[in-house]
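Chemist: The structure's right below; bear with me while I get my questions together.
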């Protein structure tokens with residue numbers, strides 16, 4: 001019948017069309033199948049129950065996965081050759097890059113993101129000096145220990161700042177919330193001088209670069225300059241403290257044989273009650289003060305959102321540095337140039353340039369997301385800033401667009417300090433911990449934290465052993 005024959009013919013054509021389409025799919029992906037090395041029978045032995053479009057998509061995805069692994073393998077080989085080349089260049093110095101994670105026989109099968117990171121690291125270190133290349137690839141094998149040397153007992157409230165004199169005799173100065181500043185013999189731990197001229201908390205203390213003068217900032221809205229004269233006592237033998245050593249892991253100091261902190265050790269010290277000069281102009285707490293290079297001028301930072309530059313001899317205000325949107329938290333001067341850096345609760349720190357007497361310039365840096373608790377100059381042209389955002393950043397004054405190193409911690413940072421000679425950054429935290437880092441952001445040690453709650457200044461000896 002015409003109707004049946006037409007129907008059979010149509011069905012037969014549709015079947016042939018499906019078979020032709022299936023064959024065309026196999027031919028289209030034959031190169032992918034041969035390249036993967038899969039047996040042809042596994043792909044063509046039986047008709048797949050999957051729709052042809054889905055099957056085609058799967059085959060294409062498998063091909064892409066294979067190509068990605070091939071690219072990773074090729075890049076891995078290139079990275080190995082790069083490391084071998086660098087090792088050959090360093091062979092003359094007896095150094096080699098530790099390529100443990102790229103050693104022979106171990107294939108790199110991580111994600112492409114990790115591969116690109118390692119590749120970028122190689123490109124960066126290749127441009128750096130030989131020492132930087134080696135330090136970037138070698139696992140840190142150095143050990144750092146901290147040893148308790150001396151305790152200085154005498155304040156009756158919290159200690160806000162610690163400073164060391166830059167002239168002979170070398171003494172230690174402490175500023176406290178008990179309205180006093182004390183000078184100590186570093187060797188014996190004896191209190192030498194007590195300054196009680198402030199009527200508010202003493203927030204910072206700094207020593208004159210060439211004379212026996214101290215500069216203190218206070219909550220009474222003033223900064224005082226006062227002269228001291230001390231005679232160092234004869235040092236006594238230091239007790240054995242070799243048991244109180246710490247490295248990367250925290251060790252609690254023993255509470256045995258503790259001195260009586262209730263005894264007023266500072267009562268026997270000579271007391272200075274009147275300053276040589278009083279710097280007045282702020283309308284709020286003076287949180288910090290420092291000497292400009294040469295010691296003829298001093299800068300103060302206040303909660304009134306300003307920093308002031310004073311003439312030391314006349315106590316006159318030279319410049320009022322305005323611009324911060326919130327309270328200032330710290331100020332610091334450059335050791336050899338007329339530069340000042342101020343930090344604030346407005347999440348910024350500012351660099352003030354007084355090298356040209358006729359004009360002063362200012363640069364604003366917004367590298368943090370919370371209060372900048374302090375920013376200090378270090379050796380060379382570097383600035384280190386610490387913040388409540390739990391980061392510390394190292395900056396190059398010649399290019400302050402981005403930090404050259406970032407240290408991320410688990411607690412807010414208080415006033416930081418830098419050992420210029422050994423290029424060590426000391427980070428005091430809100431959680432009572434103090435950690436030591438180098439200028440590259442590598443953690444060196446953590447100082448032991450005493451379990452007792454006392455008002456004591458602790459001096460720790462840092463020993464770096466390779």
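Keep in mind that glycine also has a Cβ here, set from the backbone N, Cα and C atoms.
TrEMBL annotations: computationally assigned, not manually curated.
So TrEMBL lists the following for this protein:
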- 69-96: coiled coil (COILED)
- 1-13: compositional bias 'Polar residues' (COMPBIAS)
- 22-31: compositional bias 'Polar residues' (COMPBIAS)
- 32-47: compositional bias 'Basic and acidic residues' (COMPBIAS)
- 1-50: region 'Disordered' (REGION)
- 152-194: repeat 'WD' (REPEAT)
- 195-226: repeat 'WD' (REPEAT)
- 279-320: repeat 'WD' (REPEAT)
- 321-362: repeat 'WD' (REPEAT)
- 365-405: repeat 'WD' (REPEAT)
Chemist: Restricting to the same chain and to residues at least six past its boundaries, which positions have a Cβ under 8 Å from a Cβ of the repeat 'WD' (279-320)?
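Modeler: Those are 161, 200, 203-204, 206-211, 213, 215-225, 326-338, 340, 342, 344, 352, 354, 360, in sequence order.
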Chemist: Summarise the repeat 'WD' (365-405) as counts of helix, strand and coil residues per DSSP.
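Modeler: Helix, strand, coil within the repeat 'WD' (365-405): 0 helix, 21 strand, 20 coil.
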Chemist: Please list the DSSP helix, strand and coil residue counts for the repeat 'WD' (279-320).
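Modeler: Residue counts for the repeat 'WD' (279-320) by secondary structure: 0 helix, 23 strand, 19 coil.
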Chemist: Count the residues of the repeat 'WD' (152-194) that DSSP assigns to helix (H, G, I), to strand (E, B) and to coil, and report the three numbers in that order.
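Modeler: Here the numbers are 0 helix, 23 strand, 20 coil.
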Chemist: Looking only at the repeat 'WD' (279-320), what is the model's average confidence as pLDDT?
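Modeler: Result for the repeat 'WD' (279-320): average pLDDT 95.
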